[in-house]
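Report on one structure; see the data block that follows.
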Amino acid sequence: MASVAAKLHVFVACALLLLAVGCQASPFWPLEIGYYHDKCPQAEAIVKGVMEKAIFQNPGNGAAMIRMLFHDCFVEGCDASVLLDPTPFSPTPEKLSPPNDPSLRGFELIDAIKDAVEAACPGVVSCADIIAFAARDASCILSRGKVNFDMPSGRRDGTFSNASEPLKFLVPPTSNLSDLVASFVIKGLNTEDLVVLSGAHTIGRSHCSSFVSDRLNTPSDINGGLAAFLRGQCPADATPGGNDPTVMQDVVTPNKLDRQYYKNVLSHTVLFTSDAALMTSAETARMVVENAKIPGWWEDRFEKAMVKMAGIEVKTGYQGQVRKNCRAINHY
């Protein structure tokens, strides 16, 4: 009985607190830098340590984390819904959707980070924050420290994931500029964010099926020398899940996060129609030139755009949960 009385006392105290602060009390609150300072002070250092080892083994691991943040945040917000595995109750989660399967990588790396963080602070750090921290650390490591920023945290993990959702919000690399801009605007981002975040295509690899049909098999503005090289690497009938090799997105500095991407856009040595589309308006073309020509210009904007993207439709406070296993929701 004493236990029941204690719980009732806590409930009444919480109810009185809510009444004291008024009916406008919110079930969520803003993200904050240093959210885990008291809850799990070593959390961010643990994430960075795992990321440093993973990128040393394979720089592609860093590119995978940056892409994972984008694919997570644009669908259901930054809530780690992209990590959920299929279950009998949810047989087709986001990770099985065509924009993610088979090209999205890094799930095992997230598992490794989560295991390390859980060993230090069980049940405290969300999988959504782990993705955000990992993408931040990947940006810093791959840029040799030129992209270096604090990542606000306090996200909670979502409990819903469906393969139909990425098809609505992740536009394909065959998209034109207006479709690209629209996909960003609906998420609270703008045209400059689109141009700046596209710079992440200076690292990582792409499946041939993402560009063969519209860049190599049909007339396009792609540089002739690059086109010839790619035809030697990619089958003309490359299809997802079939004979579909991968190639570097930036052959000049493939393992460095830098402004080389914009120089490639200007020289027509980019893979995707969506990359080339940045030159189809005066506004975005000007941004490309600025990012390509002015040292430090792109890095500064990339830092801000990453934080902005990592704040899309976040769940905080009493929303969502902190998963014990990033691949499955908690069942209480």
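Every residue gets a Cβ built from N, Cα and C, even glycine.
Unlike curated entries, TrEMBL annotations are predicted automatically.
As recorded in TrEMBL, the features of this protein are as follows:
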SIGNAL    1-25  signal peptide
DOMAIN    30-330  domain 'Plant heme peroxidase family profile'
DISULFID  Cys40-Cys121  disulfide bond
BINDING   Asp72, Val75, Gly77, Asp79, Ser81, Glu94  Ca(2+) 1 binding site
DISULFID  Cys73-Cys78  disulfide bond
DISULFID  Cys127-Cys326  disulfide bond
BINDING   His201  heme b binding site
BINDING   Thr202, Asp250, Thr253, Asp258  Ca(2+) 2 binding site
DISULFID  Cys208-Cys234  disulfide bond
Minimum Cα separation from Thr202 (Ca(2+) 2 binding site), reported as the residue among recorded positions Val75, Ser81, Cys127, Cys208 that achieves it: Cys208
Least buried by Cβ count (within 10 Å) of the recorded positions Glu94, Cys127, Cys208, Asp258, Cys326: Asp258
Spatial separation of Asp250 (Ca(2+) 2 binding site) from Cys234 (disulfide bond) - C-alpha basis, Å: 16
Pairwise CA distance, Cys40 (disulfide bond) versus Asp250 (Ca(2+) 2 binding site), rounded so that it is a whole Å: 38
Least surrounded among the binding-site residues, given as Ser81, Thr202, Thr253, when other CB atoms within 10 Å are counted: Thr253
Candidates Ser81, Cys121, Cys127, Asp258 (recorded positions) - the one closest to Cys73 (disulfide bond) by CA: Ser81
Chain-internal residues near Gly77 (Ca(2+) 1 binding site), provided their CB is under 8 angstroms and they sit 6+ positions away: Gly158, Ile312, Glu313, Val314, Lys315
Cβ within 8 Å of the mean position of the Cβ atoms of Thr202, Asp250, Thr253, Asp258: remaining residues of the chain near Ca(2+) 2: Ile203, Val252, Pro254, Lys256, Leu257, Arg259, Gln260, Tyr261, Asn264
